[in-house]
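Over in TrEMBL, the protein carries these features:
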- 103-169: domain 'Golgi pH regulator conserved' (DOMAIN)
- 37-58: transmembrane segment (TRANSMEM)
- 70-87: transmembrane segment (TRANSMEM)
- 108-129: transmembrane segment (TRANSMEM)
Amino acid sequence: MVFSFTFSLSCLTFELVIFEILDILESSSRRFHWRLVLVITLVDVIIVLPIVISHYLAVSLRFIPNKSTFRLGVSLSFFLVYLYLFWKLGDSFPISSPRHSLFSIEPCIGRVGVIGVTIMALLSGFGAVNYPYTCMSLFAQPVSQEDIQASEKRLLQTYGMLLAKKRRLVQVETERKCATTNSSNRFWGVIKAVGTSFVNSSVSTKALREEVCHHILFIYLTHCLLVFQPIL
């Protein structure tokens, strides 16, 4: 439920941005709804979500006594510590200003922005390092001589199929040109060429070209694997 509510607020924010770009609704209405959605989003991010997370931590920790009042006090303590750290975060950045009060929107947006950008940077850096490290194990597996020979056989078979498809492609194009040339002097022949043979040949030509491209891509990938397998 909390996730659905937060996701809905994010979609509403995106929708209001689109309304602002396309100049939909009155400017006063857009401003009112923008401030309303922004305030609700800040309350959800700063208060609702931390309370839910604090309660989940208080319930999940096994060393905390299984008493509702005690767990409620622990979750409240977690939430107060979070609020203190959240507000003290503005002392290290040029976020706070004497012109803004304690409950104004600008300082809250600044703190949420700093935390959000920091978390996104950490997740992006972790993903950029962890994914190649995880996938390198797939390429570090030992490759036997039988695997290389099997790949070479598949490569030779693909070469043969590629040559056959190219011959078939040239044959279809030649037949289409001959059929168009022979029937160009006859009215019904032109209709027949346009209505049947041209359509069929164009479809078969397109299919053959796609198959040739697939075979070329397979040959290229197989060749790369055969080249880099001895290195890996």
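Positions of Cβ are set from backbone N, Cα and C atoms, glycine also.
These figures come from a predicted structure and were not determined experimentally.
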Summary of DSSP states over the domain 'Golgi pH regulator conserved' (103-169), given as helix, strand and coil counts: 60 helix, 0 strand, 7 coil
PLDDT averaged over every residue in the domain 'Golgi pH regulator conserved' (103-169): 79
